[in-house]
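According to Swiss-Prot:
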type	residues	note
DOMAIN	46-275	domain 'Radical SAM core'
BINDING	Cys64, Cys68, Cys71	[4Fe-4S] cluster binding site
BINDING	Ser108, Cys140, Cys200, Arg270	[2Fe-2S] cluster binding site
Amino acid sequence: MDFLTLMENKLDEGRMITFEEAVELAKGKIEDEKLFLLADKLCKKNMGRRVDLCSIINAKSGGCSENCKFCAQSGHYDTGVKIYPLLDVDDVLKAAKENEKEGVHRFSLVTSGKSVSDEEFEKILGIYSVLRKETNLKLCASLGSLSYERAVRLKEAGVSMYHHNIETCREYYPKICDTHTYDDRINTVKNAAKAGLEICCGGIIGMGESMEQRIKMAFEIRELGVKSVPINVLNPIKGTPFENVRSLSPDEILRTIALFRLIMPYAHIRYAGGRMCLGEHQSKGFKAGVSAMLVGNYLTTVGNKISDDLEMIQRMGLEI
């Protein structure tokens, strides 16, 4: 019995693969198509055929105190990004309703900065209260570092999921940021989970890390009990330290997605920022383990039209 069949049998029995097994799967001895086929089978079995759709609004942009080397919104780099304060409730509500009309299931406010001020947080709570009354969207939040007390208040305001990426694995984290620690990110995830919020936590691939380090990130995310795992592909931004990083090939991106699916068989593996790097191969992700997708525009880059994404999903025989 070959190694891939052994892994398939193990996953069929509801058991989880180990780090060593995932590294073995990643070595390239197994044909991509066979790996994708197993990831797709596992995805459809555990997650069904309905693609979970979310959208975001850049509710506060630029001027961030942190020095994450990939980020256009860091105040440490000259990227030409727009800088503006927290949006008013009317602007957010308008965007939310437009996204809901397009068929989106989830909607999140995303703010720049390590965290938001007390005044901003109170305003954000008010915005979520309005969104809960005026839409049927599931509400998510991505407000940076979060205390347990704030997490409780977000849940009371109607937020069901908190997004906070670990970005990369623990050992590679010092290569991407040194104004806060990897453990700061872990603590935020744990605070949100303790308050009863579902967790959306993933990272960025293509920042110079190895495939083994991506696998380490996946296992670190798995340990956190995450429900949604956004996979972003680095979109090198001019002015950031990572502006000249080599782009990943479509095959490497898809192989990473498939491995994440095998490592986390019961979580949503979510297409997120940078999937445009796949070009005409974007639809292949839905045959390699993707079960969810961030649609519309991203924080500082433009995405596909939502209608084009919906058409792609339907073309793949999936549901919305």
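Cβ coordinates come from backbone N, Cα and C, glycine included.
Since we're looking at a predicted model, the values are computed, not measured.
Under 8 Å, Cβ to Cβ, and six or more positions away along its own chain, Ser108 ([2Fe-2S] cluster binding site) finds Cys54, Ser55, Ile56, Ile57, Leu139, Cys140, Ala141, Ser142, Met161, His163.
For the binding-site residues Cys64, Cys71, the largest tally of other C-beta atoms within 10 A is found at Cys71. All protein chains considered, the CB of Arg270 ([2Fe-2S] cluster binding site) has 24 other CB atoms within 10 Å.
Other residues of the same chain near the [2Fe-2S] cluster site, with their Cβ within 8 Å of the Cβ centroid of Ser108, Cys140, Cys200, Arg270, are Cys54, Ile56, Arg106, Ser142, Met161, His163, Ser228, Pro230, Leu294. Counting only the Cα atoms, the space from Cys68 ([4Fe-4S] cluster binding site) to Cys200 ([2Fe-2S] cluster binding site) is about 19 angstrom.
DSSP classifies Cys68 ([4Fe-4S] cluster binding site) as coil under the three-state reduction. Counting Cβ atoms from all protein chains shown, Cys200 ([2Fe-2S] cluster binding site) has 29 others lying within 10 Å of its own Cβ.
Between the alpha carbons (Cα) of Arg270 ([2Fe-2S] cluster binding site) and Cys71 ([4Fe-4S] cluster binding site) lies a span of roughly 20 Å. The Cβ neighbour count for Cys68 ([4Fe-4S] cluster binding site), using a 10 Å radius and every protein chain shown, is 22. Distance noted between the C-alpha atoms of Cys64 ([4Fe-4S] cluster binding site) and Cys200 ([2Fe-2S] cluster binding site) is 21 Å.
The two recorded residues Cys71 ([4Fe-4S] cluster binding site) and Cys200 ([2Fe-2S] cluster binding site) have their Cα atoms spaced 19 Å from each other.
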